[in-house]
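What TrEMBL lists as disulfide bond is 51-66, 78-96, 110-122, 148-160, 167-182, 191-203, 198-216, 231-243, 238-256, 270-282, 277-295, 319-337 (among others). Annotation comment: TrEMBL describes 418-433 as domain 'EGF-like'. The annotation repeat 'LDL-receptor class B' is assigned in TrEMBL to 480-522, 523-565, 566-609, 610-652, 785-830, 831-873, 874-917, 918-960, 1096-1138, 1331-1373, 1374-1416, 1456-1497 (among others). For 1603-1615, the entry in TrEMBL reads compositional bias 'Low complexity'. TrEMBL lists 1811-1834 with the feature compositional bias 'Basic and acidic residues'.
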């Protein structure tokens, strides 16, 4: 089975290939089998060579585990056979490398600041539990698991991750436990119209689709891009759009993400330096027969027998026959090689005498001697090796062996010593170094976020999220900053290391910034850009940006800095892949490596080890080399599918891999100990180790004064260089010019760039401008340093300074209509701006600031393109692209127009004038030529007629002509006279447009326009000689006969709305041109419009802003006249004669009218309307004409009619007599047209005389006029006057508004109460005495009040509130009551907010609605529905059964009944004031919230139907909708003179109380506020304290805030005993004087004090009646417990919160299943039937119905402690959860016992703060954060 190596041996040595898969190698009994090699081969050696101390196998497998007596007495013999010095034993160092020299050592005492390891080592205490195995036995990392915070999720392995990463689709826990047991994945929301959806669901801006950049991260945004720009020369474009090296096509390796580079390949095309695998893949030729399977099919390791001699180990001898033997067998007198080469004379072997003995002269050995097979065998001490003579020893240089020491190594005779750089410390193994400082953190970009991970433990945190496409990354540790590049946004950004303060650093001129590096010593930022093929530098804030390197760069990627040496290193994976370096000022550029490189991605520097490491994604390798490129070596060459970035720390490498989506680590010397730090990442990109030692301190060569440089100070070797920003010339060694004198200016659609002619590099620099979308035409003005450009995406003309400052967007077009401004020219003499518009076919002019715009030429133009001016002659020239291409000229005032070139033209693009030679140059993209002619068109000549694929922009400067070319994507130049000497200034520039040269030598021209504007009132334009100038007027205004003055404005005009603005078209001029009314506001959706020619005002409605506004026709005096109660105002008409404005509203289906200032608003028509739209007035007839359908707009003027078409976007006119049509093209979004004239109004105002005698509105009719009142107010019997307000009306809240609906009129139209600053109004009440509305705002947590006209708004209660959901006014005692569900309290105060007091604060769980009955002294309160006296005493449960969410509550004072709505049971019910005679009024309502009562009607608000409805309060019938389609309906009350009537004892002089007076059924009480207000509080009516000491006594008495006043539980006449129970030792006299009461107690009035005898009689009768009712109730309940229908069942949850918008409320009508009632009660069979189990089953029923597994688990834990259940689970608060179900499972005794315990236990348990709820209720969808752990919380 074995083949011999070399000649056949006698079975002594042989190789057995192909046995890697065999269970064992058959080497024979007399042979030893070495370990199987990497090639799968077996080696056989003679058995006696085993354990002879010689490495015969080459891998030491024959010596492993041998105990050889080869150590001298001075040495220690390690367990692995190694000999070390005995003095090294138990010294704390692992010298044996198996720790055997440190075993069984006496314990070493560690210092105080050290941690004792279990193996006896001592390490720094700071290293304990730092995630690093410093002891070597991991005993320093046996630590308690840290606790996760409340905002973290604990993984199964104990690690913590951010809470929002749980179930987010990404595996963030190492064990994947964060994605286990997750609900089914929610489909990704669709992207909006302006976004593109990536393959995995992410949305990016649509403009990034097919832009050549991988913005999605998976190239899905670049797939199927037919119009995608081709890749560069020498590149192959994948189907996905990715560009790769063309040499990678068909090389057997899938470099495209979609593998399209390996499709349709015949054979792989490997280079001469590559080996082609059987699979077709290409690998390095040097990897052939290296013992590693690089091809993955082992084809690179096949047939390697004859490829050369095998390499022997360093301690082996290579025989002549190729065999390897141990070094000790050399010259031992035995033919071990088989060819006697080990004993030949060439080896200087001494002849053996046979008399040698170790006892004689040590056998001739220099150090150790031993006898082997009768012969002398010399050996050496540890640290030495035997020389070739076999006798002498020489020192082993351990420092020469790479990795022997982690950092520094010092060799000495027989030994060595490892040492560490500053900032590191030697570990206990005395060989490796540990960085001092905090625990290292791996910082990596993950495309959509930047995360941190601790490499030694499973800590994983988020630093920044919601990023677009973060690629490159670096940090500045000292300044605590992180920098990253985003290739989707094309930005470089930075933030603090805690994730705060994100800001842009570089925002322009980037295309694909793939590499980033921070110079932490000199505070500079370097980056690479493979799109622009540059390396740039700037300050850390992005200032003073400079292109550092630009020549011979193709695709620079990774970049690393060595600031201490002043060096930059970078990789370039272009057509010639290489790694280069230079000084940090760009000088001294040199190649580090340029062979065996294909796709060098990541690069990092080991500063301590003075090496660099890089990854090659194409070769799947990690390599290292010295910083000069020497000693290059592969560290890892297997298991690297697609490495991208790399970093190094201590002895470990860390890298990211695109294919495995992971972060990995390995030993930096050997590549072993590979480990996956994190996998299943989104898309790991760049990675860095965040630690101070990764940025060690270095000398700042620039010092504290920036080296004296004015701009950039860049290190260069050990010195520095002053540098200037790109384009700025250097005026001396330290200073730069402050401005540019001349530069090439060109547009690239998305940006505008410049190339300075002041420097030699000719690098283009982006002018930092905002919102440039599609720049086409350019020009400039050197006098004010302005650059002008047109944008055909935004249809604007803008300007800015040449450095990007002072940007003015839309000086033309932002407020005036442009369609396609394609050409631009500046008249630098008269400061005029000329432009062509290919959309409107016009040439226009304006001042350079955009003012006084006018149309010059509008006839016979067909797509005009470029334009230039020649102020010396007064002419302008333009090209025309239309059906008959031509070049024309005219005077700059549009005079003397003529065609100068009309033949041999196709696409005449750029124009340029040579003012010196009087020539006109143009570029023709169709003819592919650049030509010139005289300014009159004569002497035409072709300048360049070849190699011009698509010229576009053209300009002249000096002796050169410059042009842009779309197809070659370049800027080129040539001699302007000959067309020769062509040069390319820039290439690989997409979307090149116009081009100009900015300079400061334009020729001066004299013109009369310079002196007093030539006498012109508006525009003075240059014109051909002899006149030299002419005056003209802005668009739409005529020039007066004097030829210099313009009319003051338009006489007659059209006016129309265009959604975002209002425009006018003059009818005074022979052309149609629209002019924007300059109203200085933002319009959203202006639809309807009207004009009042009498005052010169325009009126318009905005259906998005929901308002009607007006302004003067010149844009001044803007005001909003209607701001409430509007939805979609599609029609508007102004009655200029009657001075009214009318409008239609398709949202509310109404027609309304009001005065021109918006006052006295009235609904005219509200019935039988379906989407009313356009409206016109016929004032003479008193008619309103209404258009109900969406017809195109139509308007009639004196001589014809106008129509506008929204879909085709034009306004058209026709003459009535001659049928002549004209058209104003493209009025985008035009909706309503009006016409106006300055001529006097015709018609008669029927209401002109004293408003027709009407007090409010006077409206014309065909037969006269009629008086009317504002909405909701009735006209009096005289037919002329109106009341100031309605008498009876509904008042309701809808979160952001308070409105009223009059019940005096039949229209039921809502009118907004103009109260300011409404945010989230919930509850309302009204005080009829002062006429004020009180309301709660839970957004601001305040209670406020205001007058009904919106004035005098003030905050009544502004602190100490959480969720005030209920509010009630005691109009008699002038008190205010409210409930607070957040604090679970009911409070009261005076109406002005003073004397605040908590009335009830125990046994409440989210009290909601509240109502008061001052005449009776009872407030009602929700939960339960309870009742108490107005002071909180005599609290009584009225309704506690069959309740769901009883939201609203109201009292019928006439019938003395209480009404409530139940939002869960969807019904309206009522009962008497004792909770009896209960009846269901309406059984099926959608989702009622609040209700009120007036006359025979019950009114309520409904969340689901978004309406206010009413029914008959007696029968529940006659249901009507009062108001529909109102979002956010909340509370509702009735304001009526009949509602707030009656009186009580507190109604007169506050009952004699000093602070609070509370009426009760038979008496009243005085009370003091919880917080003293500085005034003496007296509790006895009408009595003042005799001296100040009494006040002090009251105020200093202790107060128990959670204890109700004892007096609140007393009867009408209080005895002395009861007073003493309260106050202890208190005399009867003091008690009567009120001097013993607490400051927060209420004391009842003494009998007869303020009370009538009728109260006493009424009280006695009431008590008697109550006793009778109680007896009947007990009898009724006893019978009901026996005969309750077992089929009845109900489960009620707690009341919802109101802090969520009602638009988020989702109400699902889910029928209750048959199992519903059976889940609540279920009695087990068996002997144990006691009620304790029964209670457990009740709670189990609740948990089953809740559907919350977490609650069910809590219950199972609680079942074991039944005593706890009796207290915690039986005390069921019926205002939170009530269960009514079959009681057949309980007998009467158990039921009675259960009820008694419930009552007693509930009264003894203190109620804690209401827990936050968890889960989602099916009714509302509100979220609850905390799960409920007890029944009282449920």
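Backbone N, Cα and C atoms are what each Cβ position is placed from, and that goes for glycine too.
Here the repeat 'LDL-receptor class B' (918-960) has Cβ contacts under 8 Å with residues 742, 744, 746-747, 778, 866, 868, 870, 873, 875, 877, 879, 887, 889, 900-901, 904-912, 966-968, 973-979, 982, 992-997, 999 of the same chain, all six or more residues outside its ends. Mapped onto DSSP classes, the repeat 'LDL-receptor class B' (1096-1138) shows 0 helix, 21 strand, 22 coil. Counting only the Cα atoms, the space from residue 319 (disulfide bond) to residue 51 (disulfide bond) is about 21 angstrom.
Of the recorded residues, residue 282 (disulfide bond) and residue 295 (disulfide bond) place their C-alpha atoms 8 Å from one another. Note: the CA-CA distance between residue 182 (disulfide bond) and residue 238 (disulfide bond) rounds to 37 Å. Around residue 203 (disulfide bond), the C-beta neighbours below 8 angstroms that are at least 6 residues distant in the chain are 191, 192, 195, 196, 197.
Contact counts against the repeat 'LDL-receptor class B' (610-652), taken as Cβ pairs under 8 Å, peak for 523-565 among the stretches 523-565, 785-830, 831-873, 1096-1138, 1331-1373. The list of residues near the repeat 'LDL-receptor class B' (1331-1373) in space but at least 6 beyond its ends in sequence, with Cβ under 8 angstroms from a Cβ of it, reads 1285, 1291, 1293, 1298, 1300, 1313-1325, 1379-1383, 1389, 1391-1393, 1396, 1407-1412, 1414-1415, 1419, 1421-1422, 1430, 1449, 1531, 1540, 1542-1544, 1546-1547, 1550-1551, 1557-1559, 1697-1699. Helix first, then strand, then coil: DSSP counts for the repeat 'LDL-receptor class B' (480-522) stand at 0 helix, 21 strand, 22 coil.
Cα distances from residue 270 (disulfide bond) to the disulfide-bonded residues 122, 167, 198, 277 are smallest for 277. In this structure, the disulfide-bonded residues 182, 216, 256, 270 were compared by how many other Cβ atoms lie within 10 Å of their Cβ, and the smallest count belongs to 182. The two recorded residues, residue 160 (disulfide bond) and residue 295 (disulfide bond), have Cα atoms 41 Å apart. Remote same-chain residues near the repeat 'LDL-receptor class B' (874-917) are listed as 823, 825, 827, 832, 834, 836, 838, 843, 845, 856-857, 861-868, 923-927, 932-933, 935-937, 940, 951-956, 961, 963-964, 976, 994-995, 1003, 1021-1025, 1028-1030, 1032 (criterion: CB distance under 8 Å, separation of at least six residues from the stretch ends). With residue 78 (disulfide bond) as the anchor, the candidate disulfide-bonded residues are 110, 122, 337, and the one with the nearest CA is 122. As a summary of secondary structure, the repeat 'LDL-receptor class B' (831-873) carries 0 helix, 23 strand, 20 coil according to DSSP. Considering only the disulfide-bonded residues 51, 122, 167, 256, the residue whose Cα is spatially closest to the Cα of residue 295 (disulfide bond) is 256. Around residue 277 (disulfide bond), taking its Cβ as the centre, 22 other Cβ atoms fall within 10 Å, counting all chains.
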